[in-house]
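K.L.:
Once you've had a glance at the structure underneath, I'll fire off some questions.
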Amino acid sequence: MCVNHNDHPLIVEGLNKRISDQAIISNMSFKLERGKIYGFLGPNGSGKTTTIRMIGTLVAADHGEITINGYNTKTNREKALKNLGAIVENPGLFEYLSGEQNLKQFANLGVDAIDQSRINEVVKLVDLEHAIHKKVKAYSLGMKQRLGIAVSILHHPSVLILDEPTNGLDPNGIRQLRNDLQKLAKEDGVTLLVSSHQLSEVEILCDRAIVIKEGSVMGELDMHMTGKNKDELTVVIEAEPKAEAISVLSSFGEVMDTDQYLELTSQTYNTLPKITRALANANISVYAFSYKRRLEDAYFSLTREKGGIK
Amino acid sequence: MNGLLQNEWVKAWYGRKIWMFLIAMFVFLILGWAFAAVIHSVGRFSIGPMEFVEPGLVSLNVFINLYTVVLVTTAIAGEYGNGTMKQQLIRPVPREQLLLSKWLITMLIATALIFILTIALLVIDQVYFTSGESFFAMIYEAFILALYQLPRLVFYISLATLMAVLTRSTALTLVITFFPYFFGNIIGAIAMLYDWSHWLVLTHLDVYQNYAGMGGGPPFENIWLSVGFIGIHAVVFLLLAHLIFQYRDVV
C-alpha cells in the first residue's frame, strides 16, 4: 500500500493476531485521512477493541504494520505513541486525584514538556473548568469521559482513538462529547477513530465509517450524502396486491420480497416521490412506506446480519 | 524519567494508606517507648546503649516491609486492575522506565522510612535511656543496624514487583510475597537439616541475625557473599519483571 503519511496519520496494513489458536484479527488494513472522524463498527467480538489495543501497542500483532504519523509502532514505538491519544474501554483515571492532578500525571508521561497553559487549554476545551480541582471519584461518567479525552489530547496527538466513548452517557453527555470531538477534528485537525455500537451516533458524528467483521475490514462507508452514497437507500414498502406492486417496483430496481415487506434497494432520495406516484397510478394500496437509514442498511449488508426496519 | 519518579512520588503520598501507616508507626513507637520506660524505671532492668534502638528497629521494620510491599503491589497490580496502567502504557515513555520508576520510588520510601525510624528510636534512646553515652558512636552503630535491614527490603520489594507484573492481581501478589516473609524462618529451619540449605535465599534474608546477631551459623563465609546472593535474586526478579512487562499483551 503506497500512501502519503501526511494525508493519512494512521495506516494499518495486513494486521494479524491469533489468540489460543483462534484468528482474532485477519489481514486487517485501513487508513485514516487527516482531520476526519471515522466510526469503527462491527458486531461484538469482531476485533474492534483488539485492533485499538494493537494500535496503542498494548497488544502485539503477529504480522502486519501500524504507522502513526509515519512512525512504525514496532520499530519507533515512542515516536509513534507521541502522535497518538487513546481511551481503551475506560478513561483510566486516578480516582483519588483531582482532575488537574490527573492531567499533570499524564503530562509527565509525554516526551515534550507540557505546561500549565496547555493543561488550562484542554480543560477549557472539554468544559471542565468548574470541576477540575475536584477529585475524579466525584465526577459523573460523562465528566470522566471528557477528562479522559483531555488527558488523551494533552500532547497534541495527530490521532485520537476512543473505544465506545458514549457507553453509559446520558443524552446530554453524548451531545457534549460529540461537540467536543467535532471541535477537535475541525479546529485542531485531529483525526479520530471512534468505536461504537450506536449506528445513529456514528452517523451524526463521523465523516466515514470502517465496518469490520471477524477481524477483517468488510468495507468503508461515507456518511455524507454525496456522490455514490445518494444511491444507497433501501425503500421498504407494504403494499397490496403484492404481485402487482413487485411488477411496478421492478422498473425502479431490484425488489426483494420479505415475509411482510417489499424492499427496493439502491434508490436515491429524489426517487422516493416517483415510487409513491407509480404505485398510486397502478391503484396499489400502500400500507407502509419508509426507507432504511443508510448506515444501518450498509452496516447490516456488510456484516450480513438481518437489519430492522426504521 | 524525572516526570515518572515525580508521578510515583505523588501517588504514594495520596490516599489514606500512607497516613494510616505513619500514624500506626507513631503509635507503635510510643507504645514501645512507654513499655521500655516502665522496664527502665524498675531499675534492675535498665536499658543500655542501643537496647532500645535495636529491638525497636528489628520489630518495626516488619511493618515497613509489609507496607512497602503493599505500596509497590498497588503501584503495579492495582493499576492494572483500575485501568490506569493501560493509559500509562499507551504514552510515549519506555516501558522499562515506567516499571523502574515504581520500583525506585518504593525503594526510596522504604529506605527513608528505615532511616527516619532509626533516627526516631535514637532520639528517644538518647533523651530517655542512655543520655550519658556517646551520641556519635551510637549514630554510627544505628546507621549500620539500619543498613542490615536493607537487603531483605530489596528482596521482598523486587519479588513483589515480579509477582505484580506476572499475576496483575493485588491479592495474589500479596499472598505469594508474604508467604516466604512469614514462613521463611520455618522453611529455613527445616532446610538447615540439609547440606544445600545455604543455597536457599530465605536462609540469607535475616542478614543482621546471621552476621551480627545471635542467629545460628551464617549461611556463607561473610556478609558480602550473602548480600550479593540476595542481590542476584533481586536482579533476576527485576529482569524477569522487565521482560514480562515489556512483551506481555495487555488485554
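Every residue, even glycine, has its Cβ placed from backbone N, Cα and C.
From TrEMBL, for reference:
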- B:21-42: transmembrane segment (TRANSMEM)
- B:62-82: transmembrane segment (TRANSMEM)
- B:103-124: transmembrane segment (TRANSMEM)
- B:136-159: transmembrane segment (TRANSMEM)
- B:171-194: transmembrane segment (TRANSMEM)
- B:223-245: transmembrane segment (TRANSMEM)
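So that I understand the layout, could you describe where these features sit and how close they are to other parts?
P.N.:
If you look at the transmembrane segment (B:21-42), the same-chain residues 6 or more away from its ends with a CB under 8 A from one of its CBs are 52, 56, 59-60, 63-64, 67, 113, 117, 120-121, 124, 128-129.
Residues 5, 8-9, 12, 25, 29, 33, 52-53, 56-57, 60-61, 64-65, 67-68, 71-72, 75, 138-139, 142-143, 145-146, 149-150, 153-154, 157-158, 161, 238 of the same chain sit 6 or more residues outside the transmembrane segment (B:103-124) yet have a Cβ under 8 Å from a Cβ within it.
Beyond the ends of the transmembrane segment (B:171-194), by six or more residues, the same chain brings 65-66, 69-70, 73, 76-77, 156, 159-160, 163-164, 200, 202-203, 205-206, 216 to within a C-beta distance below 8 angstroms of the stretch.
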